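Contents: one structure, followed by commentary.
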Amino acid sequence: MTEQTRPLDVVILAAGQGTRMNSALPKVLHPVAGRPMVAWAVKAARDLGARKIVVVTGHGAEQVEAAVQQPGVAFARQERQLGTGDAFLSGASALTEGGADILVLYGDTPLLRPDTLRELVASHREQGSAMTVLTGELPDATGYGRIVRGEGGAVERIVEQKDASDAEKAIGEFNSGVYVFDERAPELARRIGNDNKAGEYYLTDLLGLYRAGGATVRAFRLSDPDEVLGANDRAGLTQLEATLQRRINEGHLKAGVSISLPGTVLIEDTVEIGRDVVIEPGALLRGQTRIAGGAVIGAYSVITDSVIHERAVIKAHSVLEQAEVGAGSDVGPFARLRPGSVLGEGVHIGNFVETKNARLDAGVKAGHLAYLGDVEIGAETNVGAGTIVANFDGLNKHQSKVGAGVFIGSNTTLIAPRVVGDAAFIAGGSAIHDDVPEGAMAVARGKQRNIEGWARRYWAAPERREKLAKKLPWLAGWLSRTQG
């Protein structure tokens, strides 16, 4: 086995509580750009082709394990928070095969690029190191452990912030907490002591143990120290979110997506977008959303777990969840497609139209103020303004079916379950409580009756008339003028 073909195991330390988050959610489960922070570390490990990935959990262990449970990921519990050395030993106990380099990552540093980690591992192997420390340089490295070098620039030790002298605190080179070890690390880690101010077992002490045995310890310096930024509080979380979102948006721009005002647009990492898509300011694209080429996403639209086909237009302020929009269709503005909504090609959904568990075939038009729930609507049907599919009886939802080429007049209510045949007409204002045959005209409304003088008698009642002058002066005058 050569240096370059030796397997790589990854241990991800994710046991901390994160008290400064002031949250019931474990720190590493706070989402950044669509993934929990710890899931970014798991993704990076997978991208490296790791043989085995072990996530060390502690606080909120069951929640963390449920969030990143997947094939190839194992878990180890750190029962007591005794420091990074103890956490590493917990994780190493699950590495039973041996013969691998071991990469240590943290569950709260989602900005680390897989390419950086790939270069780190390659450097470790090419230089024949027993331990390689990923370091960075900052004008003020407060909060980080410092890298103390000796003659010739060799890495001599890592000093934690709380144990550092004033001279050591002035050092700008910091320890990122990311390491590559050879296969001896678990055995050496058992010799780590806790003779420090915190009484903890520091993983950094492995450096001294390796050096004491004559092994080579080297550093690999980051070109961009922001890659190892973590989040200890909500402010740090927003900084991570902004950095990752900028990366994601820049990636889409390079891939041929037009994004107006990228700083206002949120696109989660799991979203896929085709070429020549236009995304207007304020859009939020989430989950497993897929957007095909040539589509337009209007300003302030929110799209989650949905499929948008070629040339579809989602107009401003529309909300889509678990929906599918066919090629060339347009939705909105101010429309809502709820789960189970499937629009065929060339469908028009206008302002203030809501759909749920609804299938609309090619060319259907619902232009204004409609609710279409639990319904199938055939091709080229026109749904008038104010149409409601009354699908709920107080206990159960009921399914309706409307054929192709149907004309539904404004302010119609379909009282489910109903079937409307192809090419039927429904007169405006109808409440349809029976099925409508193919080609028929359905009219279901009461005959208009005008009751002369009713308004005058209504407003002239003593309990109303005395309030008219103050609240409705024009009406009070009309009442006076029309009384005989």
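Each Cβ is built from the backbone N, Cα and C atoms, and glycine gets one as well.
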From Ser410, Ser480, the one annotated by Swiss-Prot with Ala385, Gly428, Arg445 for acetyl-CoA: Ser410
Give the distance between the Cα atoms of Gly16 (UDP-N-acetyl-alpha-D-glucosamine binding site) and Asp108 (Mg(2+) binding site), rounded to the nearest whole Å. 9
Students should find that the Cβ of Glu160 (UDP-N-acetyl-alpha-D-glucosamine binding site) has, within 10 Å, a number of other Cβ atoms equal to 20
Which whole-number mean pLDDT does the model give the region 'Pyrophosphorylase' (1-234)? 92
By CA-CA distance, flag whichever of Gly83, Asn232, His368 among the recorded positions is nearest to Ser410 (acetyl-CoA binding site). His368
List of residues, in chain order, with Cβ under 8 A from that of Leu13 (UDP-N-acetyl-alpha-D-glucosamine binding site) and at least 6 apart: Val56, Thr84, Ala87, Phe88, Gly91, Val104, Leu105, Tyr106, Gly107
